[in-house]
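Trainee: Feature list, courtesy of Swiss-Prot:
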type	residues	note
TRANSMEM	4-24	transmembrane segment
TRANSMEM	33-53	transmembrane segment
TRANSMEM	72-92	transmembrane segment
BINDING	GLY75, THR78	Na(+) binding site
TRANSMEM	100-120	transmembrane segment
Amino acid sequence: MINIILAIFIGGGLGSVLRWFISLRLNNISSNIAIGTLTVNCIGALIIGLGLAYFNKSTHLDPAWKLMLTTGFCGGLTTFSTFSVEVVYLLLDGKLGWALGTVLLNLFGSLLMTMLAFVLMHEL
(Lines of atoms letter the chains of each structure in order from A; the text may use other names.)
(Lines give C-alpha, C1' and ligand atoms only; values in the text may rest on other atoms or scores of the structure.)
Protein backbone atom coordinates (compact mmCIF):
# COMPACT_ATOMS: atom_id res chain seq x y z
CA MET A 1 0.00 0.00 0.00
CA ILE A 2 2.81 2.43 0.80
CA ASN A 3 4.37 1.87 -2.63
CA ILE A 4 1.06 2.83 -4.29
CA ILE A 5 0.76 5.97 -2.16
CA LEU A 6 4.34 6.96 -3.00
CA ALA A 7 3.79 6.25 -6.70
CA ILE A 8 0.71 8.49 -6.82
CA PHE A 9 2.52 11.16 -4.79
CA ILE A 10 5.54 11.21 -7.10
CA GLY A 11 3.44 11.14 -10.27
CA GLY A 12 1.16 13.89 -8.97
CA GLY A 13 4.09 16.11 -8.08
CA LEU A 14 5.70 15.68 -11.48
CA GLY A 15 2.41 16.30 -13.32
CA SER A 16 1.68 19.40 -11.27
CA VAL A 17 5.11 20.91 -11.86
CA LEU A 18 4.86 20.19 -15.59
CA ARG A 19 1.42 21.80 -15.73
CA TRP A 20 2.78 24.91 -13.99
CA PHE A 21 5.77 25.10 -16.33
CA ILE A 22 3.74 24.66 -19.54
CA SER A 23 1.09 27.13 -18.39
CA LEU A 24 3.77 29.64 -17.41
CA ARG A 25 5.33 29.40 -20.87
CA LEU A 26 2.19 29.28 -23.03
CA ASN A 27 -0.71 31.02 -21.29
CA ASN A 28 0.61 34.48 -22.15
CA ILE A 29 0.55 33.79 -25.90
CA SER A 30 -3.12 34.72 -26.22
CA SER A 31 -5.39 36.89 -24.11
CA ASN A 32 -8.43 34.98 -25.40
CA ILE A 33 -7.56 31.37 -24.65
CA ALA A 34 -5.30 29.75 -22.09
CA ILE A 35 -3.11 27.89 -24.55
CA GLY A 36 -1.07 26.30 -21.78
CA THR A 37 -4.18 24.93 -20.11
CA LEU A 38 -5.52 23.63 -23.41
CA THR A 39 -2.12 22.08 -24.10
CA VAL A 40 -1.90 20.24 -20.79
CA ASN A 41 -5.49 19.04 -21.12
CA CYS A 42 -4.80 17.60 -24.56
CA ILE A 43 -1.44 16.15 -23.52
CA GLY A 44 -2.99 14.60 -20.41
CA ALA A 45 -5.78 13.03 -22.46
CA LEU A 46 -3.24 11.59 -24.88
CA ILE A 47 -1.00 10.26 -22.10
CA ILE A 48 -3.82 8.62 -20.15
CA GLY A 49 -5.17 7.03 -23.33
CA LEU A 50 -1.76 5.70 -24.31
CA GLY A 51 -1.02 4.60 -20.77
CA LEU A 52 -4.28 2.74 -20.21
CA ALA A 53 -4.06 1.06 -23.61
CA TYR A 54 -0.53 -0.06 -22.75
CA PHE A 55 -1.40 -1.19 -19.23
CA ASN A 56 -4.41 -3.15 -20.49
CA LYS A 57 -2.05 -5.18 -22.70
CA SER A 58 0.79 -5.44 -20.16
CA THR A 59 -0.87 -7.14 -17.21
CA HIS A 60 2.47 -8.22 -15.73
CA LEU A 61 3.36 -4.70 -14.58
CA ASP A 62 3.01 -3.60 -10.97
CA PRO A 63 -0.27 -1.65 -10.52
CA ALA A 64 1.73 1.12 -8.85
CA TRP A 65 3.11 2.13 -12.27
CA LYS A 66 -0.40 2.49 -13.69
CA LEU A 67 -1.49 4.57 -10.70
CA MET A 68 1.66 6.70 -10.90
CA LEU A 69 0.90 7.59 -14.52
CA THR A 70 -2.91 7.84 -14.45
CA THR A 71 -4.01 8.97 -10.99
CA GLY A 72 -0.71 10.65 -10.15
CA PHE A 73 0.87 12.22 -13.22
CA CYS A 74 -2.25 12.81 -15.33
CA GLY A 75 -4.23 13.81 -12.25
CA GLY A 76 -1.54 16.35 -11.37
CA LEU A 77 -1.21 17.50 -14.95
CA THR A 78 -4.96 17.73 -15.49
CA THR A 79 -8.18 16.10 -14.45
CA PHE A 80 -9.42 16.50 -18.02
CA SER A 81 -7.51 13.35 -18.93
CA THR A 82 -9.61 11.27 -16.55
CA PHE A 83 -12.79 12.84 -17.92
CA SER A 84 -11.67 12.10 -21.47
CA VAL A 85 -10.95 8.44 -20.86
CA GLU A 86 -14.29 7.99 -19.11
CA VAL A 87 -16.10 9.42 -22.13
CA VAL A 88 -14.05 7.26 -24.53
CA TYR A 89 -14.96 4.14 -22.54
CA LEU A 90 -18.64 5.10 -22.83
CA LEU A 91 -18.22 5.56 -26.59
CA LEU A 92 -16.40 2.24 -26.93
CA ASP A 93 -19.29 0.60 -25.07
CA GLY A 94 -21.71 2.10 -27.60
CA LYS A 95 -23.26 4.46 -25.04
CA LEU A 96 -23.35 7.58 -27.20
CA GLY A 97 -26.14 9.22 -25.18
CA TRP A 98 -24.33 8.71 -21.90
CA ALA A 99 -21.07 9.96 -23.42
CA LEU A 100 -22.76 13.11 -24.72
CA GLY A 101 -24.53 13.60 -21.39
CA THR A 102 -21.25 13.20 -19.53
CA VAL A 103 -19.57 15.79 -21.78
CA LEU A 104 -22.41 18.27 -21.35
CA LEU A 105 -22.70 17.76 -17.60
CA ASN A 106 -18.96 18.12 -17.05
CA LEU A 107 -18.64 21.15 -19.28
CA PHE A 108 -21.68 23.07 -18.10
CA GLY A 109 -21.39 21.85 -14.51
CA SER A 110 -17.81 23.11 -14.32
CA LEU A 111 -18.71 26.41 -15.94
CA LEU A 112 -21.70 26.91 -13.64
CA MET A 113 -19.69 26.10 -10.51
CA THR A 114 -16.95 28.51 -11.59
CA MET A 115 -19.54 31.19 -12.25
CA LEU A 116 -21.13 30.48 -8.86
CA ALA A 117 -17.73 30.85 -7.21
CA PHE A 118 -17.18 34.21 -8.90
CA VAL A 119 -20.65 35.39 -7.88
CA LEU A 120 -20.15 34.25 -4.27
CA MET A 121 -16.71 35.85 -4.07
CA HIS A 122 -18.10 39.07 -5.52
CA GLU A 123 -20.83 39.11 -2.85
CA LEU A 124 -18.34 38.73 0.03
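Every residue, even glycine, has its Cβ placed from backbone N, Cα and C.
Map the listed features onto the structure and describe their local environment.
Mentor: Counting residues 6+ beyond its ends, the transmembrane segment (4-24) has Cβ neighbours under 8 Å at 34, 36-37, 39-40, 43-44, 63-65, 67-69, 71-78 in the same chain.
Note on the transmembrane segment (33-53): residues 15, 18-19, 22-27, 66, 69-70, 73-74, 77-78, 80-82, 84-85, 88 of its chain, located 6 or more positions outside it, place their CB under 8 angstroms from a CB of the stretch.
Long-range C-beta contacts of THR78 (Na(+) binding site), restricted to its own chain and to partners at least six residues apart, with a cutoff below 8 Å, comprise GLY15, ARG19, VAL40, ASN41, ILE43, GLY44, ALA45. Look at THR78 (Na(+) binding site): DSSP puts it in coil.
Outside the transmembrane segment (100-120), and at least 6 residues removed from its termini, the chain residues within Cβ reach (under 8 Å) are 83, 86-87, 90.
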Trainee: Give me the non-local Cβ neighbours of GLY75 (Na(+) binding site): same chain, 6+ apart in sequence, Cβ-Cβ under 8 Å, ordered along the sequence.
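Mentor: Long-range Cβ contacts: ILE8, GLY11, GLY12, GLY15, SER81, THR82.
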Trainee: Which residues, given as numbers and ranges, are at least 6 beyond the ends of the transmembrane segment (72-92) yet have a Cβ under 8 Å from it?
Mentor: 7-19, 40-41, 43-45, 47-49, 51-52, 98-99, 102-103, 106
